[in-house]
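Down below is the structure, laid out as structure tokens.
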């Protein structure tokens with residue numbers, strides 16, 4: 001399999017003059033940041049913008065599964081008062097957390113087995129605030145690559161652990177109660193064409209909020225629609241009151257099909273395991289001891305390109 005970058009095809013916009021082209025090379029495959037960019041990108045007045053992105057494994061993303069250390073990490077988060085440290089580092093986050101906490105209390109529901117109030121509030125905190133999505137995704141993509149950098153600069157330790165733990169607990173609960181192992185969900189990007197070849201293996205490298213309703217996913221944009229068969233994601237409707245499934249950053253997917261339509265691309269993905277670079281990072285443990293090995297990726301290039309073409313209106 002050749003380098004992903006060699007597969008990138010330019011998007012040529014109809015124009016009577018040569019387009020102004022800006023080529024951005026992003027090393028380390030920061031796919032979470034690119035997904036964030038897809039949600040923020042807007043054409044400026046007098047120009048048209050198209051972004052073409054090739055998928056990869058998002059290897060630089062912080063993807064800790066806390067395998068074999070979940071209890072110890074929870075204790076350390078409490079003992080080290082990481083909630084206060086994280087909240088103080090983010091503007092307005094304490095108010096947002098309080099709002100999420102109140103929203104959960106007002107629902108008056110019983111917590112699922114083994115879950116705490118903090119798990120519930122973390123889900124609401126993440127799903128109710130678009131600003132949290134942006135900041136969290138950016139941080140996961142860039143500021144947690146070494147234990148030292150993680151400790152010093154990653155101010156989402158509390159949220160990352162409780163979201164990861166919540167997904168894992170809810171998935172177990174769903175299997176025990178309903179026998180449901182996997183879900184077909186949908187996700188749509190804005191102003192971005194994602195490209196992948198049938199048979200390729202990719203992952204998103206971020207917490208992805210997807211919809212169980214295809215019609216609802218269509219509100220997200222009109223460029224690339226993902227139909228995803230996830231087996232590691234978990235439904236969060238009990239908390240958010242929306243038919244949502246949260247997909248963890250470490251889930252791997254195989255591209256089953258890709259088709260082109262007038263309004264964009266349609267990718268069908270099927271879960272094929274999990275992959276983590278980091279594990280028990282808060283405890284300064286070696287990630288090499290706990291890396292799952294469903295897929296060998298040494299031969300793949302981790303270079304992702306974004307090609308932006310801007311056309312001036314005549």
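Even glycines carry a Cβ here, placed using N, Cα and C.
Some features that Swiss-Prot has for this protein:
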type: BINDING; residues: 126, 206, 240; note: NAD(+) binding site
type: DISULFID; residues: 69-280; note: disulfide bond
type: DISULFID; residues: 182-231; note: disulfide bond
type: DOMAIN; residues: 91-276; note: domain 'TR mART core'
type: CARBOHYD; residues: 114; note: N-linked glycosylation site
type: CARBOHYD; residues: 178; note: N-linked glycosylation site
type: CARBOHYD; residues: 222; note: N-linked glycosylation site
type: CARBOHYD; residues: 257; note: N-linked glycosylation site
type: CARBOHYD; residues: 274; note: N-linked glycosylation site
type: LIPID; residues: 285; note: GPI-anchor amidated alanine
type: SIGNAL; residues: 1-46; note: signal peptide
Between residue 206 (NAD(+) binding site) and residue 280 (disulfide bond), how far is it from one CA atom to the other, in Å? 17
Recorded NAD(+) binding residues, 126, 206, 240 - maximal Cα separation rounded to whole Å: 19
Sort the recorded positions 126, 178, 240, 257, 280 by C-alpha distance from residue 231 (disulfide bond) and give me just the closest. 178
Please name which of the recorded positions listed here, 178, 257, 274, 280, is nearest in space to residue 240 (NAD(+) binding site), Cα against Cα. 178
Looking at Cβ-Cβ distances, which residues of the chain lie under 8 angstroms from residue 126 (NAD(+) binding site) while being 6 or more apart from it? 132, 133, 136, 159, 163, 207, 209, 246
For residue 274 (N-linked glycosylation site), name the DSSP secondary structure in the helix/strand/coil scheme. strand
Cα of residue 178 (N-linked glycosylation site) to Cα of residue 280 (disulfide bond), in Å and rounded, measures 30
According to DSSP, does residue 257 (N-linked glycosylation site) fall in a helix, a strand, or coil? strand
Largest tally of Cβ atoms lying within 10 Å of a Cβ, found at which of the disulfide-bonded residues 69, 182, 231, 280: 280
Between residue 114 (N-linked glycosylation site) and residue 69 (disulfide bond), what C-alpha distance do you get in Å? 16
Could you state the whole-number distance in Å separating the C-alpha atoms of residue 274 (N-linked glycosylation site) and residue 69 (disulfide bond)? 18
Among 114, 206, 240, 257, 274, the most crowded of the recorded positions [Cβ within 10 Å]: 206
